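Novice: Handing you this structure, nothing more for now.
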Amino acid sequence: MIARLVPLLQLISILLGLGHAKQASNGVDLVMSLDQYYDTVNSNESYTMVEYTTSWCHHCKKLAPNFVQLKRLFDDDSTRPPVRFLEVNCEIFGSTICSGFPGFPMIHLIQPRTRPLEMPDQSQPVALWRRVFNYLTSKYTDPRWQLDPSRVIEYKGSRDPKSMKSFIEAVRKKDKLLKMAEKVLDESYGCKSESYEQDQQLCEYGKRFIQDIDSQDLAKERLKLENILQHNDELKDNLQVYNEIKLKLQLLNQLLVKSSTHDEL
Ligand SMILES: *[C@@H]1O[C@H](CO)[C@@H](O)[C@H](O)[C@H]1NC(C)=O
């Protein structure tokens, strides 16, 4: 009975405009408004891990405490970008945020935004009556209420805190590597702007690597590095060397893609 009341109470609080109130008791923010949801997932400074739930779904009930524990595992995490945790009640946001979801719970990891939101053409003013009409017929949508689907990664693995944590860390690592490779390949980028010394060193290492590599040797070099990684598990213990090899592989991949598109011309 109480459980049934929860969505009703949330709905009332939304109608009363308590939209940004957060349920802070367990640290997972319960989404109370569309603005709050989109502001969070469109952050350019953090990842957002979201659980989409309903009160009638059995597996959602089992997920909830695990999600809280997952959030706790990140309490002392200082790796950048940070991760935020949200819960969306799809009984309230079923026709908006959760529209088209095949089942519950759903878990999404949303990457930080890297491009500006696409705002509509402001040069053409929209008549007030048209805006009011759109609002009343529910055609009103805020231009900030958009989410680039390419930033959304669905999590389909086991729903225990440790597995979910490894997933987040793997995505964050991979994104960081991709970003670093882009910076290394960007001739106008000087590694001095890196905030951390070890990132600066890795960046410079990458720059030297692409300067010295013979463009004929890209594929051979990649094969060699892949072999080294495959047959030397203990490399993972030496983080610096491991990161250097991963960066070189990423650089080789991107250079090989580039050179193959050149060949087609
Ligand atoms: C995020 O956006 C703000 C405002 O546009 C900007 O000042 C800031 O540097 C951005 N942060 C990152 C990490 O891109």
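From the backbone N, Cα and C atoms, a Cβ is placed for every residue, glycine too.
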Novice: Any idea which of 22-49, 78-105, 190-217, 218-245 is down as coiled coil in TrEMBL?
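Specialist: In TrEMBL, residues 218-245 carry the label coiled coil.
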Novice: Tell me, roughly as an integer, the mean pLDDT over the coiled coil (218-245).
Specialist: 93
